[in-house]
Each structure stands twice: as structure tokens, then as C-alpha cells.
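Working notes, beginning with the structure itself.
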Amino acid sequence: MPWDWPGLWGSSRVRGPLWIWIWLSSTLPFLCIPINEVNLLDSRTVMGDLGWIAYPKNGWEEIGEVDENYAPIHTYQVCKVMEQNQNNWLLTSWISNEGASRIFIELKFTLRDCNSLPGGLGTCKETFNMYYFESDDEDGRNIRENQYIKIDTIAADESFTELDLGDRVMKLNTEVRDVGPLMRKGFYLAFQDVGACIALVSVRVYYKKCPSVVRNLVIFPDTITGADSSQLLEVSGSCVNYSITEEPPKMHCSAEGEWLVPIGKCMCKEGYEEKNNTCQGCRPGFFKASPQSQTCSKCPPHSYSHEKASASCVCEENYYRRESDPPTMACTRPPSAPRNAISNINETSVFLEWTPPADTGGRKDVSYNIVCKKCNSHSSLCEECGSHVRYLPQQNSLKNTSVMVVDLLAHTNYTFEVEAENGVSDLSPSARQYVSVNVTTNQAAPSPISIVKKGKIAKNSISLSWQEPDRPNGIILEYEIKYFEKDQETSYTIIKSRETEITADGLKPSSPYIFQIRARTAAGYGSFSRRFEFETSPVSVAASSDQSQIPIIAVSVTVGVILLAVVVGFFLSGRRCGYSKAKQDPEEEKMHFHNGHIKLPGVKTYIDPHTYEDPNQAVHEFAKEIDASCITIERVIGAGEFGEVCSGRLKLPGKREFAVAIKTLKVGYTEKQRRDFLGEASIMGQFDHPNIIHLEGVVTKSKPVMIVTEYMENGSLDTFLKKNDGQFTVIQLVGMLRGIASGMKYLSDMGYVHRDLAARNILINSNLVCKVSDFGLSRILEDDPEAAYTTRGGKIPIRWTAPEAIAFRKFTSASDVWSYGIVMWEVMSYGERPYWEMTNQDVIKAVEEGYRLPSPMDCPAALYQLMLDCWRKDRNSRPKFEEIVSMLDKLIRNPSSLKTLVNASNRVSNLLVEHNCLGTGAYRSVSEWLEAIKMGRYLEAFVQNGYSSMDTVTQVTLEDLRRLGVTLAGHQKKIMNSIQEIRVQLVNGMVPL
Ligand code: ACK
């Protein structure tokens, strides 16, 4: 049906509102406005009269229709297209800007296309104008047109024709304009029609805001956008409850009402964590120590929190936290005591070593302090050692598990307490945890003399005086003064004196002389002092004391030659004193040497008891007689060749009672047996060294005849190692070896050849100190079950004995060194039998052919090399015990040098004999294998877990071992190494499984 146009809206009001209603119904979503827009006016939502004014009155007219809810639809229309000079105004009521300085006007309207009109093209317009006028109140409404400020001319994007109306296609236009900055509290809008056909369907006036938001735990308030369309407003936010910030966070509100560029954030404070943009307290059992942490964490071990919102957890009883410990760290406690402390004594130095505590208290900062106490052996009273004792590297806060204590007094009892502490030890009231080691220092030679002063100088004599050495280490028996004319060192004179001054006479005038002095105590000579140079006076200087005019050299050489002859004579006649005396003054002896190397007295030598016609005399010379009533025998600990070996206690008058071992001579002995039995005491009694078993004395005046020695709690070394297989650190093993070597050095220095050095003849005490024992005279023949008869009739412990000693009885300290190499091998393999089950004949043959024992498992390369050096065929190329001691000391001081092990493949290639003899491969069964490596106790676990054949065994991993219940690290190592060897052998095609 055609529209009545242009008079339509004027005459027929029915149709116009109808299409508007249809349109409104289909555009309901328009009523949903974005959240960042705040309406100041929306003509669609005003229920009553809009209160707009139109003039002239016949211009804009309101179509008063209602929607289906009977709400008014405020639509204004005008359509005076056929009439000239139209100027129709429609004024809104006053609109408050609510503080916004920029507002938006959204117009929805329809506009008739002038071309579609039948006439009046000359007057028809297709635009209208929009104006505003600012005013603080409603009073400004009646102003003149020309006071309104034009906002824009509004044209339709799309106009419609009559045809469109027929199709009911509504061409609704939406135009938005903005105005700002506004200066007053409100404004009016005005729409001016100048001859168009318009229906103004809705007018919405709004401003934009950035709506309140919580971002990064910061609350930003509703913020009206700025006046300028490109302006960004900086807005400060505030932190949500229980959150904090260092700098106030900010965000920017854009003209479009969008939040942009957040700067900074808030963080939930201690004890709170973020949840849904809020901060919530941590649950009990959880904590958050710092705002920087994101979430609450569970309380670390040994701590708890009973409250909500805890910033930290409280330590359980007996657990502590250092101030510097992070709150995330477990609470810890002081360590337990260090373990397995051992000592190695070298004269007046003690090397202490220990293993870390079993319980470190949960901390890594365990350190050790050393407390040194000097103890009286009789009263057992101890006092602090004082400041003269030095500790290397230091006494306290030791990080490593060893320390060297030097400058101790000679031949003195000390107790060292090695105390473990960690970062929380000082917070704990519990007693300090320590392990103590008792040691007795050796006899030590005096320290060198450092102060020598010249006295009277004459043309033929020089007087000297000096001060006692700083550390005499005993009573000084005498001083030895060596002097010679400068650059004539090969011809020198030695004076011995008990005084601290001498006069050297018979010197050449105007000649420089070099003097060196050393002191002697019971422990021998100390080192010579540095060289002191003094010059005699010229001839012209008169010297009353100098009368000798005989050429000095002649005298000196003559005296020297005579003395030398006397000295040699004394040696040959078997006297122990190795030099003659040329008496000058009762306190002085003087000797001359020329190119001579005479062994000087003071160095003790071993005296073979055989050289005594009456062996009883030897025994009483070297061993104290003990009254049998002082001895309490407690139990039998073994059997010796001559009778039982017992442990017991010795209580000498005025001394503390202490544990001893007692060797007894069985009843019905022959005289020879008695002699041989006591012979051991005669030898042992000559030795005084911490690594030689100490003789307390003998009982010969009553029966049974007994030899009483110090008690060694852990018995013989071979049995002890077998019992504690895999239980020691390499350093501990090297410590044992060092002790044995030190004892052997002492013996070899004394000129004593042991001949039966083997782990079974070493005893070990509770401090893991090893001591050489078994000095029986007949032991090589009778005592040692390992000794076998050689083709030449002698009985020799073949596996321990050097080839030259087996072949032609050449027993020397060098052959003891060979045996020492075997002892090293026994120690490093925890008491394995050298050459396993090979026969003695095969051993002799293999060794002769150049084969040597392979390295024990896990043996440091440096130690195996030392063993090989001890087993050099040429005995002169073997190291001396002194060298062995210093090499082991070096290794102990530098434990990292022990880290390089002889690797498995080298061991295999080094093997002495066929593999199956060596217990490392070609096993027929798991049982045979485990037995061979002395791990038979795990057989059941292996078999029960399906490792019943050797090929399954090669698959076993360390993890598997743990599952099988092999928990001891030493055993795991042993089994895994053996498996590794079997694998290597398989790869090399050496052992068919
Ligand atoms: O391995 P053991 O327990 O240590 O068995 C032998 C046994 O006596 C026969 O020699 C033990 N034994 C020998 N001397 C001593 C000693 N001084 N202290 C402790 N045990 C000793 C040795």
C-alpha cells in the first residue's frame, strides 16, 4: 500500500508509528549499552514526557506512540520538503554532564531521499544540524538560536524511498558526535531542520568511563575519560586487602574508556596467597615467608604452623633454624659425633683423621674443632695443651676430616677431642658431640739450635756459646759442635760437650771457620743449626791462651787418622759405642774426620739376643721383670706357638691399671723353648715406637713364664679386615699402611730385619693404629703356619717373601719392603689371601716369570704403583721404608691424589694367572661367584629375585642391589665392581659364561 507522502505523517498517524514500532521491536539489543558508557539521556528509556520544545510549532512534532509495554516511544519527525525557507528547531531539556567533560551524542534517524519525491526538489534537503549550548542550570533554555554552537551537520548514510517503505526495509541511520571539553554543569541540545524529511527515532547522550577494575591485586576506581579524544588519564590504584606494594601501581584510562598500560602491582603479604584477585591466608601447615613468593608452601621438614596465615613455620623440639637459613629450609639439629677417629704419630706431630658424623643434623655446614689435652699417664689428669701447639691447617672450623697437630711435647700422652658442629650447634643446649683419640707422642730429637754467639777470638782459637734449642724434647745429654775451615768441609773436627760453650783451638790465624751445633737427647740427635762463620785474629794480635805453634793441619790430620783407626777398631770389636774419645776436658770429647762417614753414636741399633752368651741376660737387659701378682688374666684370646695368648690387666705399683695381652709359655717346655719364647721379649724390648707393639715386661721368676705387651683391641689386622670388609675409607686404609710403614722404618733404621711381615703379624687397636708384632726368634721356622720349607731347607712364608730371600735367603730391609708390598695388597683387598689358592710352587714360578698380583678392587693407582715398586726384582730399586712413609704422608695430605683408581680393564689386563683362579670370572653359578667375592650372605636374596644364573647377574644394577637388600655401600661397591669385571671379560671374550 503506497504511503501518503509527503503529507503522510501529517495526515495519517497510523502508519508512521507502526513501522517505527516494528523497527524498535527488532532492534531491542540496542538497549544494551557497553559498560564503559554512562547514559546522561536516552530518549528510548524516558517513561514520561521528554519535555523537549519544538518551534515553530508546526515544525518538529512528536509522535506519541507506545510500545507493546505501553511505554512511550519518543520520536520526532518533520517533513516540510515542499516549502521554502524552513527553520524548525527541536530543543532538548537540560542535560547534566555529571562531571564528564566530553560527551557523546548518538542519533538514530531516518531520512527521505529527495530524488524519490515527486516534486519540490528545489526545496528538499537531506541533512539537519545539531547544536549545543552549555549552561549550569535549566535557566539558559530560552536563548537565541545564534547562541547555540553547532556540533555538526548530520547527513544520512542511507536515505529511503517510497519503495523501501513498501518493502518495509527500514533505512535507520546512526550517527555519533562528541563534544568537549565542556566547562559547565550541563547543556542543551538542539536539532535544526532546514527542509528535510526526517524522523528522529532516538537520542542517546552519554559519556565514557573506565569502569572500576581489579588488576594484579590493584583496585582501580571508576574513572571518567578525559576531555581530549587522545588523552590518557593516569590513575593510581590501591592494593586489595592483605596485599602490599613498594610503589603505588598505576593504570591509564583512554578516551575510549579502556584501561591501558598497567604499571606496578600488589603482592599478597607474608602468610597470604593470591586467589581470584584476592589475598587469602595460608592454611595451617603451610606458610608464605615473603610477599615475593607466589603461593603458600608446605612447612619444611621438622617444622609446623598451627595458625592460619603463617609467615613462617616453627621448628619442632630439638630442631633449630639459623637466622641466615631460608624459611623454606628444613629445621636442623647439631650433628652427632665424628666417627672412626685415627691417629698417626710422627715424632712430636700427630695426624688425626676421622669420618664425618653419621648424622649431620640435616646440614651441609658441618665443621670440626680440635680440643687438645695433655694428660698425665699416672693420674689421668689432663690439662689444655696451650698455645705452643700448632694445628695445620687450623684448630677450629675445619672443613676437612683431618688435621695435623705439630709441636707437641715428646713422649707425652695427649687426648684429642674432635668435635663436630654445624650452623645450629650454638642454638642447641645439648652437649657437644666429639670423638676422642688418645696418643702418646714419640721420642723426638731436639729442635735445631738457633742462637750461637761468638766469645773470645784469638789467632788460634774461637770461643762460642749458644742457647738451648727451643724444643729440647727431653733432657739434653750433650751438644755436638762441628767445625771446619771455610771451603775445607771434607776435613772437619767434632767436639762433644755437655756445656753450652766451647773453645775451638788449634785454628789457623786470620782464617774463617764454619761452626754448626746440634743437641742430643735420649731420642738421638737433632738437626744441625745453620752455619755460623767466625774468623780467627791475625798473627799480630797477641793472644795469651794461644800457645800452639805446631802446624795445625798436620796435627788435625794426624789426630783424625788415629781417631779413625780407633773408631774402626771399636766397631770391629763389637762395642756399641761407635767412636773413640779424645778427652780435652771432662765434659768434652773431640774427634776429627777426613772424608769419613762414620756412623755416629746416638742412633740406636738392634742387638741380636743370640749374641749374648746367656739369653737370660739379654732378656733382663731389654725387658722389665713384672711381678705375677700385678697381672690379672681375664680370658684366652688365641693360641701362640709356645702357649695361650690371653687378655688381662696390669696394675703396676703407683700406676693406673690398664689392658694388656699376655703370652704364656706352656708347662713342660724345654730350655730351648724358653730361650726362644723370651727371645721375642728381648727383641721387642729394644723397640720404642708407636707402630711397634710395646713390651710391658716379662714374668720369668714365677710360672707360667709370660710376656706382657700392650693390648690391641682389634686383634690381628688380617682377621680384622676380613670381618670389616669394605667398611673403611681409602684414607683410613692408607692411615693403617702409613703406621705399618713407619714402624718398619723404625725397625730398618735399627738394623732389624723382620722376615715375616704380613697382615696376620700386624695388630690393630681401637683407634685403628697398626703395630708391627711377632718378633719371635724361631718364628720363621716354627711359629708361622704360612711358612713352608724351601728346597734349601729353610721355612719361609712364600707368598710374602721376596724372591731373593726365597732363593738364597737374602733377608734384608729390602726384602721386608717386598713383604710390605704384599701387606699393602692385603690391606687394600680387606684381607684377601695373596695369590688366592695358587700353590706355593706356582707362586714362586709366576713371580720369577715376572707376574705380579693384580691391583685390588677400587685401589688408588698411586698405591698399586707403590706395591709394584715394592715388588721390583732388583731389591736395590725398591723404595726404602722412609720413602714409603713420606709418599703415604703425601697421599694423606692430598687425598685427591687417591681418587684415580686402577680401572677395571687395567686390572684385568694385569692379571697374574688364569682368571678363574682369581675369583673374578668364569663362575659356574651365582653361589660360586658370591662366595668367591665373599658376599655369600646375599645368595638367597639373589636367587629369590630371579638372579639364579650368571648371565642374569650381568644385568644387575645398583638399584637392583638396593632392592635385594644390599644396603652397605662397601658391599654394593664390591658386587658392582665384580659384575663390571665380568662384563668387561665378556666383552673381551675372556670368560665364557
Ligand atoms: O687375631 P687375633 O684376635 O689377634 O688372634 C691372635 C691371637 O692373639 C694369637 O696371636 C691375638 N693377640 C696377640 N697379641 C695381641 C695383643 N697384643 N693384643 C690383642 N690381641 C693379641 C691375635
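FYI, residue positions are counted from 1 along the chain as it appears here.
In case you wondered, yes, glycine gets a Cβ from its N, Cα and C as well.
Source: prediction; values computed, not measured.
Disulfide annotation in TrEMBL: Cys114 is bonded to Cys124, selected among Cys79, Cys124. TrEMBL annotates Ile637, Gly638, Ala639, Gly640, Glu641, Phe642, Gly643, Glu644, Val645 as ATP-binding residues; of Lys624, Lys663, Lys672, Lys701, the candidate listed for that same site is Lys663. A disulfide bond in TrEMBL ties Cys197 to one cysteine from Cys79, Cys313, Cys315, and that cysteine is Cys79.
Residue counts for the domain 'SAM' (921-985) under DSSP (helix as H, G, I; strand as E, B; rest coil) come to 43 helix, 0 strand, 22 coil. Sequence-distant contacts (6 or more apart, same chain, Cβ under 8 Å) of Cys124 (disulfide bond) comprise Val81, Met82, Cys114, Leu117, Gly195, Ala196, Cys197. The Cβ of Cys79 (disulfide bond) has 24 neighbouring Cβ atoms from other residues within 10 Å, across all protein chains displayed. Each of the disulfide-bonded residues Cys114, Cys197 was ranked by the number of other C-beta atoms within 10 Å, and first place falls to Cys197. Looking at Cys79 (disulfide bond) and Asp756 (active site, proton acceptor), their Cα atoms lie 137 Å from each other.
According to DSSP, Cys79 (disulfide bond) sits within a strand segment.
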